[in-house]
Amino acid sequence: MDRRLYHLDFLRAFALFVGVFYRSAHADAGSGDFDFVREASGAFRMACFFLISGYFSVALIERKGTLPFLKSRVVMLTVPALVCVVLLAPFTAQWMTAYYSEAGASKDFKMFWMYHAWFLFSLLAYTLILGYIVQASKWCIGWLSRFMPEKMAIFVFYALVIVVCGLSYKVILPSFMWEIPYIHLVGLFVLVSVQHFPFFLLGVLMFLWKDIYDLFNRGYLRWGAAMLACIAGYIGLKFVAGSGLLSGGEAQVFEVFFTIYKYVMATLISVFLCAFSARFLDKDFAVVRVMTQSAYTVYVVHFLFVALLLMVLQRAGMSMDLRMLTAAVATCFAGVAVHFILVKRFKLTALLFNGRLDYGSRQQADPAQVKPVSA
């Protein structure tokens, strides 16, 4: 059996744990004090998660077959997503609303009805069309390879998808979709799914072409230098965006360019993390094992714990900075405890919070043990 890819398992868990700190930034009650946390997290977190999810999704469909994969994955994604929306979200909303009110916020707490489970619905959408994604990718890259080397064709294909998705979610879709009846029920879901699709696709490509896997999981110094240069460029572009120097058509063109640039930056950060973790974290460390096993549970329950802790800590008189950090760290530990005390021990909680019933029985093949293949 192929060796387990611990570093990718860890990165997927790391991205979910970082989401706890992103949500704990609600400690500022919308004042913007923790926008830097949101911006730092948004620069790479979901990009990295979807990249690795794309990789493991193809790994599973290659090993299990299309129908068994779809049956297990639909349950694994849908049940926890519904638990988030139906069971946990009402309490989360109540506690966050109270927190905002007691903090004297200038605006009310509002979130899209999918709450933090939106990414599960997006991943479900990608999963349902995964077979077509694989076929279309192979065909397009095969066609492009008639005019250029295959590796270049892969990157050209990825770049084209970035441009199409960037323009779609930033310009094309918003120009007409909000006029569609009842679109407000799913509009944000459509936009974020289109926005993050390129990263899922990149994970698919990383599995299908071993050269891409090798390229992305080696040379962390090279990727780190490229990442830092890109971040420096982002800071410069951010300054231009906020300077008020652009207006009218120039501002619109710049906004589109800035959107594409952020795709590039998120890709470089994610690839650097892959290469760095492959060099230093591709081992069975105890902390990595705990994080990878509990990450799904932590993410499903984390907003509930964050909301409760923020409300309680505010009433206790704790400062905002300490409140944010305490809520994040305590939530991580609470989520891990929920996983090992409840989810791993009982089939009902395993189904509700992880969408699975195989805890306590012989485990199924783990996608983290599947290495890439050459197309």
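The first residue you see is number 1, and the count goes up from there.
Cβ atoms are placed via backbone N, Cα and C, with glycine included.
Just so you know, TrEMBL annotations never went through curation; they're auto-generated.
Residues or ranges marked as domain 'Acyltransferase 3' by TrEMBL: 7-342. Here TrEMBL flags 43-62, 74-93, 113-134, 155-176, 182-208, 220-240, 260-281, 293-313, 325-343 as transmembrane segment.
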CB contact flag for the transmembrane segment (113-134) and the transmembrane segment (293-313), at least three pairs under 8 A: yes
Distal contacts, the transmembrane segment (43-62) - CB-CB under 8 A, six or more residues away: 8, 11-12, 14-16, 18-19, 22, 69, 73, 119, 122-123, 126-127, 130-131, 134, 196-197, 199-204, 206-208, 234, 262, 265-267, 269-270, 273-274, 365, 367-368, 370, 372-373
Long-range Cβ neighbours of the transmembrane segment (260-281) (under 8 Å; 6 or more residues past either end): 6-8, 10-11, 14, 43-44, 47-48, 51, 162-163, 166, 198-199, 202, 216-220, 223-224, 226-227, 230-231, 233-234, 237, 288
Within the predicted model, mean pLDDT of the domain 'Acyltransferase 3' (7-342): 95
